[in-house]
Amino acid sequence: MFDAGFALLFRAVDRIRKQLATADADLRRYLAEELYCLRQLGEQYIDHWMTLEEQITDLIHTYDLPDGLLEPASLDQAPVAAAPAQARADGQSPGESRTARAHRGPSPAAPMVRLAAGQGHKADPPSAPVWAQLGFDDTPPVSVQFRKGLGYFDLAMFRDAATALEQVVQGAETPLARLYLAASYAAEGRSEDAMAQLDHLRKYVTDPLVFCATREIEAQIHLAAGRTELALQALARVTATLPKYPDAWFNLSLCYAKLGDLAAAERCAALALALDPHDAEAACVLAAVQFARNHIADAESTCRQALSEHPRHADLTLLTAHLHRVKGEWDACARACQAVIRARPDEGSAWSLLAWARLQQGKTEEALALLQKRLAVCREDAAAMVQLGVVLLLAGDLDRAERVLTRCLAKYPNKSLVWIALGKVSLERGERRQAHTRFLRAAKDVRPAVRRLALYWYGRAMLDADCPEQAERYLKAAAAWGAPNAAILSALAETAKRLGRPLEAEKWQDRARQLNSPDPS
């Protein structure tokens, strides 16, 4: 990103160099202003700034450009190019994480001295030359390193940030610098170094804000190491100290969700949203937890309210698409997926859900075209490749389905689902022995939902092979791995009937009719 950006800046400097060779006074003034804008852009990227500065300074000296032109007369007249740097100082930078925002301190302002005009003076005296001001700049080197460290941190150049901030804490005991140093270490994966800085701070700092910041960084370290319970404990201390801090409740909600305590996750997400009603991320997490708890109406209400304020929020729109999916509202589901793809063309899950919606609408060819288009753009999307194989299977193109699904075994992490799909390909071909082998491979999966699906299809295969005793054993195992399911119960009814137990078969069938639940696949 930086190389491409600076290539543009250097090309602009080269163009100005050629124009200056033949420019008149008016054009030189304009080009000087353009050089100032380029300098402001360059200062946003610390790593390349000095090289650009040398080239600009060389041009100024070579062509004897007046220095006065390179300083704006007032802030109101400053070129637009300075706006990004000011925006970064005043507010959250684009893409900034919650952790960075929580730890960010105010940007150090450039020293400003106002000379009071004497009585009767109509105007301020002329300012001293820029070189003369350097003699009165008493900014300590530690402050310079601190500003460099913050700049590197904002650019996600954490190793360089740590190097600069290490010099700061060696020269002066600055709590904010140690916080940034710990955060830089944590981002670099140096958890022991980060914890050492946090422990040092806790020995003498009593400020509750600094205390909470140390706990947030500690939580980040624990989460990165998979210690979710310890992260939760650290964040709970933050919410106890700062109960009106929404980001802490947001992160606490994520921890509870990761631990499977969805009720607590919903409470924390609701608190985060109540404290900051405009937070689209908090609304998205709350709706996702409500969806996971099967509180569909609550999730719909949360999404609707948030989308009224953030109508183009891709994650909220995608969640809305899934809400339409569970209700069987396929037209609305497809429209929501299309909106997500327009906003975020690389969102693979939106492509997959749109293909599934078209499949449910009987538009198999369109589903195939969507998945092929997705794979043309992103060949490494293993999930889309598996889905393509499944759609080919449903379309009856067994040879292509076999080829695509076999390739997926090397790429897709969830191999059990691929084996189930390949088993169904074998069943369609009448290759029952191969189908049995493939279903049994999938049945070894430790996840209940996947194992249940594999056991169900293996039982169906045994039933179709006229082996009802073996089929019954696997179908009963499938029934035991989850809530009652109509398809499994119907298969058990058919098995009991073939085994000469009509009364038992009728009981299974009655239970299946009461449930009317879909096929587990």
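Just so it is clear, glycine is given a Cβ too, placed from its N, Cα and C backbone atoms.
Feature annotations, reproduced from TrEMBL:
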- 80-111: region 'Disordered' (REGION)
- 80-89: compositional bias 'Low complexity' (COMPBIAS)
- 246-279: repeat 'TPR' (REPEAT)
- 382-415: repeat 'TPR' (REPEAT)
Taking the repeat 'TPR' (246-279) alone, what is its mean pLDDT? 95
Could you put numbers on the helix, strand and coil content of the repeat 'TPR' (382-415), residue by residue per DSSP? 25 helix, 0 strand, 9 coil
Please list the DSSP helix, strand and coil residue counts for the repeat 'TPR' (246-279). 28 helix, 0 strand, 6 coil
